[in-house]
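> This is the structure I have questions about; it appears just below.
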Ligand code: F6P
């Protein structure tokens, strides 16, 4: 394989640039040409594709976001869009594609790869850590560290005012960011979509803390909770407890930005390098991942459609460590 393309798609995640750097540098090392498509699949459709050189990725390993920019492409959902994207690749003689993105991007890649029998390797890039076939996705570690930093600060003010804080973190339908942030930040309770936690459970946990003379509490809530957002949950709790000062913080997109952690830079570099080598060895239609420190390949549809349950031990830990 002599010519490949790379793009970043879906929500940006810290470490995407490090992965991109590894792709470009590895391809260059093997004497291959690399093309970068701007704004994910939209750039591919529109032919916004440029040749990348080793220097194109200089000094980006420490940068958050993605220098290629990203998008959640609507046009790529339509046959016409996918046909155009295929023509753009064909007309440039591009023989393989590396897609760095989350579950939506892996799903779109699977469809495209099968329909045109086009070699694609997916690299899991999402703060959500919700892709099966890898222990960790690019950006998750940095997002957890960012959220933890915020929780530490919130605890200072929560303690000073004897307040209850409901802190909402991202993760879409998954509770990975919430559980790790909650454990790392010593939260009194973590509400994740994977486990049912009723409003009564929240009240009982808070009450048990007050009975032990706790004056401040932090409840970390995942955005995909059945009980709704942190605002919804706080309102429901407030209607049962009116003698406590309740505050709400939604961390939002702060979790998506910032310089990637050491863990994310190394993970991204490893995935990027191995993705190019996978294309060279004839692999296609798979997502690359790392499980127990080994590089593994999972068919794209399986990576997207197989649930990745939270580690039960982590869920159990919160209750015990808060007792
Ligand atoms: O998929 C990453 C993510 O940050 C999710 O955690 C969140 O639900 C979503 O993207 C937010 O998307 P957007 O930036 O398009 O609002």
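Glycine is no exception: its Cβ is also placed from the backbone N, Cα and C atoms.
TrEMBL annotations: computationally assigned, not manually curated.
Here's the feature list from TrEMBL:
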DOMAIN    3-279  domain 'Phosphofructokinase'
BINDING   11, 72, 73, 102, 103, 104, 105  ATP binding site
BINDING   21, 22, 23, 24, 25, 155, 186, 187, 188, 212, 214, 215, 216  ADP binding site
BINDING   103  Mg(2+) binding site
BINDING   163, 170, 171, 172, 223, 247, 253, 254, 255, 256  substrate binding site
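Could you place the listed features in the three-dimensional structure?
Same-chain residues at least 6 positions away in sequence with a Cβ under 8 Å from that of residue 73 (ATP binding site) are, in sequence order, 9, 39, 40, 41, 42, 45, 81, 108.
Sequence-distant contacts of residue 214 (ADP binding site), defined by Cβ-Cβ distance under 8 angstroms and a gap of at least six in the same chain, are 188. Annotation note: residue 214 (ADP binding site) sits in a coil segment as assigned by DSSP.
Note on residue 103 (ATP binding site): other Cβ atoms within 10 Å of its Cβ, all shown chains, come to 23. In three-state terms derived from DSSP, residue 103 (ATP binding site) belongs to a helical segment.
Every protein chain considered, the tally of other Cβ atoms within 10 Å of the Cβ of residue 255 (substrate binding site) stands at 24.
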> How long is the line from the C-alpha of residue 186 (ADP binding site) to the C-alpha of residue 163 (substrate binding site), rounded to the nearest angstrom?
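With the alpha carbons as reference points, the distance is 15 Å.
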> Where residue 11 (ATP binding site) and residue 21 (ADP binding site) are concerned, what is their Cα separation in Å, rounded?
18
> Can you tell me which of the binding-site residues 72, 163, 255 is spatially closest to residue 23 (ADP binding site)? Compare CA atoms only.
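Smallest Cα separation from residue 23 (ADP binding site) among 72, 163, 255: 72.
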> If you compare CA-to-CA distances from residue 25 (ADP binding site) to each of the binding-site residues 102, 103, 163, 253, which comes out shortest?
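Result for residue 25 (ADP binding site): the nearest of the binding-site residues is 102.
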